Amino acid sequence: MRKVMNSPDDGNGRRRFLQFSMAALASAAAPSSVWAFSKIQPIEDPLKSYPYRDWEDLYRKEWTWDSTGFITHSNGCVAGCAWRVFVKNGVPMREEQVSEYPQLPGVPDMNPRGCQKGAVYCSWSKQPDFLKYPLKRVGERGERKWKRISWDEAFTEIADKIIDTTVKRGPGNVCMPKRPFAVITSAGYSRLANLIGAIKPDVSSMTGDLYPGIQTVRMPARTVSTFDDWFTSDLILMWHKNPIVTRIPDAHFLTEARYNGARLVNISPDYNPSSVHADLHLPVTTGTDSHLAAAIVNVLIADKKYKADYLKEQTDLPFLVRTDNGKFLREKDFNKDGSDEVFYIWDSKSGKAVLAPGSMGSKDKTLKLGAVEPALEGTFDANGIEVTTVFARLKAEIAPYTPEATHKTTGIHPSVVRQLAGWIGDCKALRILDGYNNQKHFDGFQCGRLKILILTLIGHHGTTGSIDTTYEGWVLEGNKALGGVKGRPGRSVSMVLAQWVWGEQYRRSKAYFDDTELREQIGFGVDEMEALRKESEANGWMPNWQSIKDPVVYINAGINTFATSTGYQHLRENFLKRCELYVVVDFRLNSGAMYADIVLPAATNLEKLDIRETSSTRFIHAFGQPIKPMYDRRTDWQISVGLARKIQERARARGITRVDDPEIKSFIDFDKVYDEFTMNGAVEKDEDALRFVMEKSKALGPGSYEEVLKRGFVGVGPSAGKTGPVPADKPYRPFTVNVSEKVPYKTLTGRLQFYIDHDWYQRFGATVPKPQYGGGVLGPKKYPFVYNTPHTRWGVHSFARTDQWMLRHQRGEPDVRLNPAAMARKGIKDGDQVRIFNSSGEFFAMAKAWPGLPENMLFSEHGWEQYLYKNMTHYNSVNAELINPLELVGGYGHVKFAAGGFNPNRIFHETTVDVEKA
């Protein structure tokens, strides 16, 4: 065989290359060389003209631009960062962070904000996976055969299918999930869904990002301080939170807090990049966090580290509970006409039970106790009914969970638990950064209640501390006015329950989980979960649209339904059987779009006019549309406008007018959809819709539209806070008015509520916050590895996961992390291709050694597209999910279905797998 010279394996070729390189370098240095640097004249007088400097001009021209504008990158990110974009010849060339945020006194500033994913957006948006034109499927679903069509063709087909489906099968068989994370974008899809009576799934539950346990304690559960408030803390618990990786724009506040004297504690099964910066790392065993939290509560109560006066006023802990049936003592217990929402406390001064002010049924809407001195503990006689207090019940039920008793379960030594509890009891400002991961475990519901109990016992909730879950957003009345339609509520559902039915996830979970093991651990199996789901729907607690409707027309805007759910292939196959027209709206061809019937190209972040509101900063950020939509893209608002116009046009052409919708006491005026959507043309244009939102929002108001486009951001006013005013001179902290102004909480008792006497909570032994079961992962024990899919440094969900620069900063392909000792046992080396599998499915990825992981754990960072995997598998192919019955409850004061608040969260980190070399 002829040998090719200069090949990588040819030693002579390498030597010849090096010899040539050295000769060239020497030649360049020689005075007679044409490469001689003597030709480049030094500048001695900057006012004079020098020849032979054209090479510098060429370089300078690379950095010239025609115009600039502002954008933010927030598809799935809870931050909010202003970037200035430089445009040349109508093309975005680069962008840089804005560093003009005003500084508050006494805390570090927010300048600049951003991360590497935002920095590459101009480059990423030019890659071939970004959509240019509307597409229609011409092959089988998933075959990836398309033809280009016009917007009119696309809108006509979609509009006719919506009308046909509604007329023939009734309203509610159109489903419109959306999560575009921009105000008028989101409002547009909501408004259209409301006008046509469509189903609006809660996608936060789909991704497992709800905090339903905390929602039983306070309303809302999902809220945070502005991130600069971290600096004011002296003890910060990063509980299943990895902010060094996932909160890059804000991680500096943690470092600055440490310089200010704060302690950082990392609680996570793995030793991660945030652990490096912590003063204490607790490697809690997966699925046992509630036991650790219970042990901390145990110590705080036993050592009397709680603030009694705070608990008496701000919580339901002094409320009276009957000893005979475990129910709250209510007004109706003494008066048949009394309220079921008025409760009692024991007044130590008068020695009798008195009505507690501030509850849902109370006429006294205040937490002020006046001369009443509530008892925290004791057993009393209330007119012949024996009662005790919630605190007494809590103390008794938490007593078994000592640090010594929980040691074997959690893996955390008692001395470490007591050390941490001591720090908590003595600190002045506790901050709990509560990550998403814990909520994706069955253990997460009760653990959430226990975490907020820790903060509450020491009196820091609403005072000096906070438990930060995830952003809730600011109060923007204009946003609600644009997205809502009076008398047209649409249909909200839990996406978890919808996919449980439509995707037949119940059948999949039943096949995967070991029924005997499950019953031994939690007391019931998947069959009971399904029965309880049906009972909840029959009781009217959870919406039942998934049980009586089908997603015949499914318009998926800004999310990837299959990639963000369990059992990728299983869900897709079963879901699509019910779906006759599957439409995807996105700015890039994600893996879910490969199975679509029609794909609509949405404008990129660079091409849209919109704003992003998130309560992690005190600013609203602009999608300032530095360039107009390129190719045949349209903004999301114009897509909604165009579809509404076509629905009205086709309805009039076909003689279809009003369709009654008695199930939700509403109607659909098909022949007026466009007129109603645009408010008779008033908000047809993007700029009109955005101005409408901003000028009708008290926290923004007149002039804010011009300012946000001029600066890239605009500050919010005091009324923006959902649980209290936004102060002008310090960071925002939620729930302060409940303490300072004695405003009741939006709970049944009007307090931070830790006792739920609902029948189901009594049935499952969960009236007070305590571990729901013995702890540990619930997946089949025959698979040796616990499987987890944490957030990544190199993307925001799927955002930037295909960018060439982000891929070059990692392995360039999907990987899984394993402890080196586990790899050695399996005969796997770093870089090997491996197969991860269980009875639910399989996927293939590159093995990556990760010493910070426990030996029984396997991580695969999420966000990867299906088409990046061998055999088109996916990291969610192996997951299976469970439903916690406590999350199915409704009809109990504040504990009821709420999109983005309370409904079944996706519990899919109970999965176990095995791994082998591929």
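Glycine too: its Cβ is placed from the backbone N, Cα and C atoms.
Features as listed in Swiss-Prot:
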type	residues	note
BINDING	HIS73, CYS77, CYS81, CYS115	[4Fe-4S] cluster binding site
BINDING	ASP209	Mo-bis(molybdopterin guanine dinucleotide) binding site
DOMAIN	66-129	domain '4Fe-4S Mo/W bis-MGD-type'
SIGNAL	1-36	signal peptide
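Everything Swiss-Prot records as a feature, shown here on the structure.
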residue: HIS73; record: [4Fe-4S] cluster binding site; Cβ neighbours (10 Å): 28
residue: CYS77; record: [4Fe-4S] cluster binding site; Cβ neighbours (10 Å): 24
residue: CYS81; record: [4Fe-4S] cluster binding site; Cβ neighbours (10 Å): 28
residue: CYS115; record: [4Fe-4S] cluster binding site; Cβ neighbours (10 Å): 21
residue: ASP209; record: Mo-bis(molybdopterin guanine dinucleotide) binding site; Cβ neighbours (10 Å): 20
Q) What does DSSP assign HIS73 ([4Fe-4S] cluster binding site), in three states? A) coil
**Q.** Chain-mates of HIS73, CYS77, CYS81, CYS115 with C-beta within 8 Å of site centroid, [4Fe-4S] cluster
**A.** THR72, SER74, ALA79, GLY80, ARG113, GLY114, LYS117, GLY118, ILE248, PRO249, VAL796
Q. C-alpha of CYS77 ([4Fe-4S] cluster binding site) to C-alpha of the residue listed as 'Mo-bis(molybdopterin guanine dinucleotide) binding site': distance in Å?
A. 12
Q. What does DSSP give as the helix, strand and coil breakdown of the domain '4Fe-4S Mo/W bis-MGD-type' (66-129)?
A. 8 helix, 18 strand, 38 coil
Q.
Between the Cα atoms of CYS115 ([4Fe-4S] cluster binding site) and ASP209 (Mo-bis(molybdopterin guanine dinucleotide) binding site), what distance do you get, rounded to the nearest Å?
A. 22
Q: Looking only at the domain '4Fe-4S Mo/W bis-MGD-type' (66-129), report the model's average pLDDT.
A: 94
